[in-house]
Amino acid sequence: MMKIAVIGGTGVYDSSWLASSQELRVETPYGPVEIIQGQVNQKGDAVYFLNRHGTHHQIPPHLVNYRANIWALKHVGVERIMATAAVGSLNVAMPPGNVVLCDQFLDFTKSRVSTFFEGGPQGVVHTDMTEPYCPHIRKVIYQQAVTRGYPTINGGCYVATEGPRFETPAEIRAFRLLGGDVVGMTSVPEVILARELGLCYSTLALVTNYAAGISPHHLTHQEVLDLMAQNMTYLKQLIVTSIPLLQSERDCYCHNSADTPLGGS
């Protein structure tokens, strides 16, 4: 049975959609992590839910313990991760209310530790990131979205910034020139760390607003929360209906990573 995790980002804090849920505390080399384990159907498919920002959204994006979170999910046996994220759009073809299933990223974070590999007995490890976001998970989610008529775009470049501030219009202009489509603060280093541990990872990036300089007004965090709340029902349905379809053996490249700190994938 394939174990799947959902990482809840901004606005996605509720795990009530899980049946038979229980809280787990996982000790990792990077600190403790609290995870909720449950099920989504009568078949008993195991699902783990992790609140990226904490239960009360008290952890800002630049202080999330990304290594501990991903290590903990690997430790409990997770093989596939669906992560939600609130993003601003740099692309008028990706308006607010759409879910973007990102396939590439640009990393403009500054102070985050983005690797498990820090030399020592392992030596130097270079991880392939040709396809950073799992194509199989993206395909499954997109098929569910099309079937249900949810506004979803399969493919897009996620620009990761340090936060917690929003970006300047000048930065947004530069990101657009580099090919960025949406901008957020959390997908990196999550996606990198997941690949280093041989986990499939996909981001469901819900567009909550146009980015600075494109939006006709100043940006507020409340605007982000409001649009997340408006679209929470279909975002959760996308996740819940995709989980049973992700039980097949993995035929993607994601698990073909180098040996991991946990002894292999």
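Each Cβ is built from the backbone N, Cα and C atoms, and glycine gets one as well.
Going by TrEMBL, these are the annotated features:
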- 3-243: domain 'Nucleoside phosphorylase' (DOMAIN)
- Thr10, Arg52, His53, Thr186: phosphate binding site (BINDING)
- Glu167: site 'Important for substrate specificity' (SITE)
- Met185, Asn209, Tyr210, Ala211: substrate binding site (BINDING)
- His221: site 'Important for substrate specificity' (SITE)
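Close to Ala211 (substrate binding site), meaning Cα to Cα within 10 A, are none of the recorded positions out of Thr10, Arg52, His53, His221. As a whole number, the greatest separation of Cα atoms within the phosphate-binding residue list Thr10, Arg52, His53, Thr186 is 10 Å.
Listed recorded positions: His53, His221. The one with the lowest count of other Cβ atoms within 10 Å of its Cβ is His221. Of the binding-site residues Thr10, Thr186, Asn209, Thr186 has the largest number of other Cβ atoms within 10 Å of its own Cβ. Highlighted in sequence order, Ile7, Gly8, Gly9, Asn51, His57, Ile59, Pro61, Val64, Ala85, Ala86, Met185 have their Cβ within 8 Å of the centre of the Cβ atoms of Thr10, Arg52, His53, Thr186, the residues recorded for phosphate, and are not part of that set. In sequence order, Ile7, Gly8, Gly9, Ile59, Val64, Asn69, Ala83, Thr186 constitute the residues six or more apart from Arg52 (phosphate binding site) in its chain with CB-CB distances below 8 Å. The separation of Met185 (substrate binding site) from Glu167 (site 'Important for substrate specificity'), Cα to Cα, is 10 Å. On the backbone, the CA of Thr10 (phosphate binding site) and the CA of His221 (site 'Important for substrate specificity') stand 10 Å apart.
Confidence over the domain 'Nucleoside phosphorylase' (3-243), given as mean pLDDT on the 0 to 100 scale, stands at 92. Cα of Met185 (substrate binding site) to Cα of His53 (phosphate binding site): a span of 12 Å. The least crowded of the recorded positions Glu167, Tyr210, judged by other CB atoms within 10 A of its own CB, is Tyr210.
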